[in-house]
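S.K.: The following feature annotations were taken from TrEMBL:
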REGION    1-37  region 'Disordered'
COMPBIAS  26-37  compositional bias 'Low complexity'
TRANSMEM  63-85  transmembrane segment
TRANSMEM  133-155  transmembrane segment
TRANSMEM  162-181  transmembrane segment
TRANSMEM  201-222  transmembrane segment
TRANSMEM  243-269  transmembrane segment
TRANSMEM  298-329  transmembrane segment
TRANSMEM  349-369  transmembrane segment
TRANSMEM  381-399  transmembrane segment
TRANSMEM  446-466  transmembrane segment
TRANSMEM  478-498  transmembrane segment
């Protein structure tokens, strides 16, 4: 539904022009002395007036980064194939070689026998722990699928009830687990001996302090809970209309794992490239394996390719989610979106593949630099130069995160290049007084809390069943903890998808607001309550808002 159809004869009296000629926010009147600056800003904004969902054919963007990524992949596979055919088959039998003083070389000792495979399989497959762990994980994984479905439906139809019912358990379950662990460890002879009472008290007090911080966060953000409930409900409704995403996204993960298999094989065979050489040790001569000089470089190349591929796949999933949700958003209510996921996949691995590679590269570099900074911080390196350098790096990384926040979502909607998407996203949000860092981060925390409540409840039930129905004893706690980790991962992926849906709808709402249109009335009724960006609020006059 279009918001505001105006009489063409009264354009001069309205603070807004039609959506095709002017953004949602009108321009204020300025004195004649500043007219040149106003005209320059107006010309600058004209390039952003065409912002809308691009459902047609798209041109290729950021091709240099796609070519660079393909060079990494082709080089990894080419050198990997060379490593397979150039391998030295003597590497597995290195322990069978010994130094021969007569020939001053390493020779094969025929009397030596290779290690039995059974030495590598010392795990007793019939043990109760292994059986219990395998069966528990399999059952948990199978049950996680209907649990995800049930959680999504509950969030769609009973968002408010689920959120307000789960919030008390954010506090109750950690308190119960903390007290239960303390009592169980105190009563257990082995645990109480290995973990003295003073340490147990310190850990329990620390956990209670963490719980207190959680309570404080909830109290401080309580006024935003009602808005967060509505935003989660809108996102759950949008995701429920595009359930095919849950068939496509796991397939992308499986595809990435399948793509990793030959690279791992190539890395293993690259270790076979070298020769058995004699090394003079203090205890005498010994036979050692000497790798070819190119093997370490190939390991670095393969690892970088895998990490870049993983980051690019994460961005590709965000792109597919954003494109699919945008197609649903900009489709009229009485129409059904057609081939939305197929179109998003075609654009992600076609015209926008270079954009995805660039975004993945930036994320990969940011993670690497942050890891290096964290490592330096742990080493307690002192000095003003190191302190200044760390501050500069942290500021740069924060700026990159700020730049990348909605860029891939915008690129999926419009098909623009990465840099254009970053610039246009900022301009779009600035023009409409919306925060470029998105105010409702509390939604992610509440969703994470709901997942914690669901998984913790399942884990407690599983632990009770294991204690009553098996003879695992204290190992049942370990098995239940592994089930908890698996369920957290699966349900956490649902939260990850919902977060991306929320971000995408936010950008779609901004485009609607910028053009003066209303494609989804229920979305506007929720997102209109988002606060105005604090950084822009002071610079906006009532005349700017058309008052």
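Each residue, glycine too, has its Cβ placed from N, Cα and C.
Are these features on the surface or tucked inside, and what are their neighbours?
M.R.: Among residues of the same chain six or more beyond the transmembrane segment (201-222), those with a C-beta under 8 A of the stretch's C-beta atoms are 167, 170-171, 174-175, 178-179, 181-182, 442, 445.
Residues of the same chain lying 6 or more positions beyond the ends of the transmembrane segment (243-269) and with a Cβ under 8 Å from any Cβ of it are 76-77, 79-81, 83-84, 87, 148, 298-299, 302, 305-306, 309-310, 313, 316-317, 320-321, 324, 341, 345, 497.
Long-range contacts of the transmembrane segment (349-369) within the same chain, counting only residues at least 6 positions beyond its ends with a Cβ under 8 Å from a Cβ of the stretch, are 58-69, 307-309, 311-316, 319, 393, 396-397, 400-401, 404, 407-408, 411-412, 415, 417-418, 421.
Sequence-remote contacts of a segment are chain residues at least 6 beyond its ends whose Cβ falls under 8 Å from one of its Cβ atoms, and for the transmembrane segment (446-466) they are 132, 136, 140, 143, 147, 151, 155, 162-163, 166-167, 169-170, 173, 177, 225, 228, 232, 472, 476-477, 479-481, 483-484, 487-488, 491-492, 494-495, 498-499.
Same-chain residues lying 6 or more positions outside the transmembrane segment (478-498) and placing a CB less than 8 Å from one of its CB atoms are 129, 132-133, 136-137, 140-141, 144-145, 147-148, 151-152, 155, 232, 235-236, 239, 245-246, 249, 321, 444, 447-448, 451-452, 454-456, 458-460, 462-463, 466, 472.
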S.K.: Mind checking which residues reach the transmembrane segment (133-155)? Cβ under 8 Å, same chain, six or more beyond either end.
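M.R.: Contacts with the transmembrane segment (133-155): 162, 232-233, 236, 239-240, 246, 450-451, 454, 458, 462, 466, 478-480, 482-483, 486-487, 490-491, 494, 498.
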